[in-house]
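Feature annotations, reproduced from TrEMBL:
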DOMAIN    12-282  domain 'Homogentisate 1,2-dioxygenase N-terminal'
DOMAIN    284-437  domain 'Homogentisate 1,2-dioxygenase C-terminal'
ACT_SITE  His295  active site, proton acceptor
BINDING   His338, Glu344, His374  Fe cation binding site
Amino acid sequence: MNVKCFSVCLFQYMSGFGNEFSSEDSRCPGSLPEGQNNPQVCPYGLYAEQLSGSAFTCPRPANKRSWLYRILPSVKHKPFTAVPCGNLTENWNEVEPDPNQVHHGKKYCSPNLASRQGLHTVCGAGDAKTRNGIAIHVYTCNTSMVDRCFNNSDGDFLIVPQQGEILITTEFGKMMVEPNEICVIQQGMRFSVDVFGETRGYILEVYGAHFELPDLGPIGANGLANPRDFLCPVAWYEDRTVATGYTVINKYQGKLFACQQDFSPFNVVAWHGNYTPYKYNLNNFMVINCVAFDHADPSIFTVLTAKSTRPGVAIADFVIFPPRWGVADRTFRPPYYHRNCMSEFMGLIKGHYEAKEEGFQPGGASLHSIMTPHGPDADCFEKNSVAELQPERVAEGTMAFMFESSFSMAVTKWGLQTCQRVDKSYYQCWEPLRSHFNPNWNNPILV
């Protein structure tokens, strides 16, 4: 497939989702082998290395792999040894289960930490060993990774910056990712992060599945997140020896390990395949909404999904609530009251969340666990129950999102205690709700 290549500022990208891409650094023309993947001698004396993101025998539509042509293969390194995990964990039994609504109303702090130490696990479920599960982390850092990279052997990272742009260097090339954009670093891909001041955001990690575009069904061929708006980096390499040692950090079975090597891992001169990192600007989401009455379910705002083995049930969905028009007649327009068989983790990139305009700062979060009731606070209900219904812009200047999962997620000790961000008075926003029941009520629509 021919792939369009273009520049965004100083960075070049290729457009498409799940395409068969190919790229070579312009400093080494002809570095991609012609007609085969693994020639006896690669152009420029490179090594051929395959990165598999699926089993060899997966059906063709689900088969993910890329061939990398690199100056030295990734196998050249010293043994891995365990390193401290900090607040990164896969222990879902640190504290007793708690079905209450959890609200981190304030943004997470940003200590003087590099990217690895700045990862904090908030909640999750499942098991990386059996390749079935989910974890939600936040990151806070203001120090770049120097002569270090990260590799997640457990699953895919979907990264949602909230404050500060991040420059991500991968084996496939470079991506600049800003707030209101997301990026996905798939399982096994090595990457390093440069930051430019205080930086924070959210990470959704899934084990055992890759993110896909949701099926559109009766929506048709176009809509929601369109494939052409996803961007993949172009090949870029550095041939750099690191005499003091380059550290590769590997997340494996929920723990962190590190090894040393004497060269940069970003030495891929050319590559081809359909298993790549990618980014997406949330402003490009084509919103679909109700134009008559009632609500369509929030699944119409799904950007990416990681499917489970059960049809229609996701390990995780990434859902956004972007600026849009609200025009529904005879309808309570904010989100409805809800008990859900899925877990809902809410985050806020910017603005004010429409169902709770006070007490939810950008950079904060909430978790409404399986079957835990949630919905608009009392002020929101009273105001919108009597509002004159005119066409209006909803969520203008705002970008809220949800990580929704079929897993019953446990909150970590850091998420409930250590972070000191839990709003213990959260339940009180619903306490002023009062009964409006009138047994003698006459429906004005029917009178």
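Placement of Cβ uses the backbone N, Cα and C atoms for every residue, glycine included.
TrEMBL: automatically predicted annotations, no manual curation.
Between the recorded positions His295, His338, His374, His374 has the most other Cβ atoms inside 10 Å of its own Cβ, all protein chains included. A C-beta separation below 8 Å, combined with a sequence spacing of at least six in one chain, links Glu344 (Fe cation binding site) to Leu367, His368, His374, Met402, Phe403, Glu404. For the pair formed by His338 (Fe cation binding site) and the residue listed as 'active site, proton acceptor', distance between Cα atoms is given as 13 Å, rounded to the nearest Å. For the recorded Fe cation site, residues His338, Glu344, His374 set the reference point as the centre of their Cβ atoms, and the other residues of that chain within 8 Å of it by Cβ are Pro335, Arg339, Asn340, His368, Thr372, Pro373, Gly375.
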